[in-house]
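Heads up: the structure comes next, in structure tokens.
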Amino acid sequence: MTVPPISTSDPQVSSEPRRTTKETHPHLPPGLILDENGKVCKVCNTWQDFAKINKKQQTQSSDGTSSQGKTALKGMSMAGFANLLNNSQASSSNNPTLAPVEVDRSNCPPDTASLGRSTWTFLHTTASYYPSNPTEIHQSKITNLLESLSIFYPCSWCAKDFQKDIRQNPPEVKNREDFMRWLCERHNTVNKKLNKPLFECSIKNLDRRWKDGPEDGSCD
Ligand SMILES: Cc1cc2nc3c(=O)[nH]c(=O)nc-3n(C[C@H](O)[C@H](O)[C@H](O)COP(=O)(O)OP(=O)(O)OC[C@H]3O[C@@H](n4cnc5c(N)ncnc54)[C@H](O)[C@@H]3O)c2cc1C
């Protein structure tokens, strides 16, 4: 079975280094990751990234932001804050988008963390239920899915790194156990990059987490 290599002309592949507001928008709060069009990218940042910047804005007393503006920033949704940054209107206290909003985030668009958790849940669960003796078609389809994910994953910087990783470590999909271990290692590559703890990639540990649940029955 042969799967064509990922083309480097795919739209999400870019040789551009990741850019943040620090380099590109010196008049805006630094540290937020931008998309490839230079806009603050919701699925490349977390709610916490926005909250940290909100907090900084509130503690800056001499930056010219009015108390009305500060109060508004405190309660602002991530979408509102992204719009604010994208419109370069950080000092405007008259902007209607500054109205305080208490957000129940359960029905909000995903940030990079919730998108990541959902995607890993889908991938590891799919690997857990992958056949022990997959057909050629199974192998080809799952490889296509992984390669497509590496192109269309909405956090484009994450997608770019994932593409590079699976180019260096092509999907191992000859059976369920190989696939589970391969995926665990790919997830650990991201964990390492983000300074998160590494997962122990034994089948027993993976089955416990993604298929059977713990022996004490606490997930039954
Ligand atoms: C393909 C892909 C690429 C990503 N790239 C980036 C990126 O470049 N930058 C970025 O900020 N975020 C990236 N993310 C998101 C990131 O990986 C996390 O999902 C996000 O930071 C939330 O992390 P979390 O701590 O909630 O747990 P997650 O990392 O989402 O993990 C969810 C659960 O999976 C289990 N787990 C952890 N590691 C493993 C493993 N190795 N194998 C099996 N199970 C495991 C744990 O029980 C954990 O609670 C990416 C996500 C995906 C799917």
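The first residue you see is number 1, and the count goes up from there.
Every residue gets a Cβ built from N, Cα and C, even glycine.
All TrEMBL annotations are machine predictions without curation.
Pulled from TrEMBL, these are the features on record:
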COMPBIAS  1-15  compositional bias 'Polar residues'
REGION    1-35  region 'Disordered'
COMPBIAS  16-26  compositional bias 'Basic and acidic residues'
REGION    86-112  region 'Disordered'
COMPBIAS  86-95  compositional bias 'Low complexity'
DOMAIN    108-210  domain 'ERV/ALR sulfhydryl oxidase'
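Taken together, the residues in the domain 'ERV/ALR sulfhydryl oxidase' (108-210) have a mean pLDDT of 97 on the 0 to 100 scale. Across the domain 'ERV/ALR sulfhydryl oxidase' (108-210), DSSP helix (H, G, I), strand (E, B) and coil residues number 73 helix, 0 strand, 30 coil.
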